[in-house]
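Trainee: Below are the structure tokens for one structure; questions will follow.
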């Protein structure tokens, strides 16, 4: 009796598997391209997958995708690389969760003749992948730093930085870029509070609440991304400070861009995950066709989005931002 | 009177999971040309060896009607300890490895003592320990991944040739560990005591089993097994990774449950756990080969777990 029920389990599961797969490809000769993101659920990566899907269709490639369960899930990304190589992909596009820990697995894939391109986040060292298609995160930070400097118009700044997490380069680069753009060194007394948010709205709110306890008179908030910015806004609003504190951010997601439009966030640096994925898939198609490997770093661009432009800093308005946002 | 062999096979808790595994393999074999190859099976075993080894420790604890939510975190800490000591502190690799194993066993010991001496529920003890060990890992590692490991720590990730297939030494060790624990649980007095403890601690105590000492021993041994899992993890990824193991506590419980071991203790086989871990690995690999996105793998694993526990419950009801 016992043995029959598990068979039932299997049938159910297999039916589900059938629903999930789009076309069996075991016998087809369509070249395959793999996309491995940090998570399945982050809108940034959802958009990236969408871009990859479109480009794969256009280029006559079959897209395989995989992701970790959480940001930092290195083991799942290694497993995905191995399975994709076993499935015979021509190239893998990866947004590394752990920039150092993924390197040995990438090396194995490249040794097996697979083109590996990093999207959004460089590996350490950067040349562990064949090529990198990403936002210049330092520049993204620099742009909002310059904007904040001009928007403060000489008023003495008391800055809170809501950062990502220790040891993650993207967050470090944006933070450093912001300080450079604003023109203060790390450790400057005008930085009154620095906390990690992991880019999460609820943690951003908590961080801002704590910063306001520590420095009630802060007047400029740098945030790693818009969820953190919106968390900060909620905390500021609860204190009635939302009008006189300037919030700047990075990412350019659609929710974030709408928050710029409604004035909750003053300005944000928009990046383009769709473009990263499209370029990546195109490069793999090129490699499948004539063996030409992409190499080096391709900047996929960053644009300052604000409806309250300041002199001397180039920016586009939220109409442009909403037309090009992701998520 | 002894039941005929087929009957006995069906009534062992491993028969169901084994049938599920075989059916899954057949299904994926029919759907993907790359599935039924030596290298692919070698790959699947490599991919499940870390969670599978953790799940050996988890099986021991679940057999005593306990649960361990901290196993993945303890493993991650053990991995950081052995890699950091070897690379940053310049300790001889063998000593660093021993220290990593000892640290993991020590956390198991503390869990066991808290469960027995203060009579805290294992769920609470290991939930607390999960946070403690997670934090210690991040504090001690300074959030940094440790690279450039000595050969001793990556040896298990190396391969040897078996026919046309490259097999990692780690896969071999994992299978040996499963066989060892199958023997210990199935054919020694200690193993019978573990089952007795899980079935009824009071009865076990009255028959003269020193239940407290046995429980502490089980948790400590499980900790040591997590240490071996840490070595397997480090050798598989080639780095010491402070972010590792975050979902492995639940993944190891998944393997145990899919393998037909009862969450209520006293009933199950460690070889079932191996089958359970392989089911997850086969689904993940097979679905990926078919081009199914990983979110469906999560969906299917979840459904499998619920159904496996339902099977356990239904078969218990029938036994009554």
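Indices start at 1 and increase along the chain as displayed.
Cβ coordinates come from backbone N, Cα and C, glycine included.
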Trainee: In TrEMBL, one of B:148-166, B:167-185 is tagged transmembrane segment. Which stretch would that be?
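Mentor: So the range that TrEMBL calls transmembrane segment is B:167-185.
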Trainee: Short question: most Cβ pairs under 8 Å with the transmembrane segment (B:120-140), which of B:59-82, B:94-114, B:167-185?
Mentor: B:59-82
Trainee: Using a cut-off of under 8 Å between C-beta atoms, tell me which stretch among B:59-82, B:167-185, B:216-234, B:255-283 contacts the transmembrane segment (B:94-114) the most.
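Mentor: Looking at each of B:59-82, B:167-185, B:216-234, B:255-283 in turn, the most contacts to the transmembrane segment (B:94-114) are made by B:216-234.
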Trainee: Below 8 Å between Cβ atoms, which of the listed ranges B:167-185, B:216-234, B:255-283 makes the most pairs with the transmembrane segment (B:59-82)?
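Mentor: By Cβ pairs under 8 Å, B:216-234 leads among B:167-185, B:216-234, B:255-283.
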Trainee: Other than its close neighbours in sequence, what residues sit by the transmembrane segment (B:216-234), given a CB gap under 8 Å and a spacing of at least six beyond its ends?
Mentor: 49-50, 53-54, 56-58, 60-61, 63-64, 66, 68, 71, 74-79, 82-83, 97, 100-109, 111-113, 115-116, 149, 153-154, 156, 170, 173-174, 177, 194, 240-241, 244-245
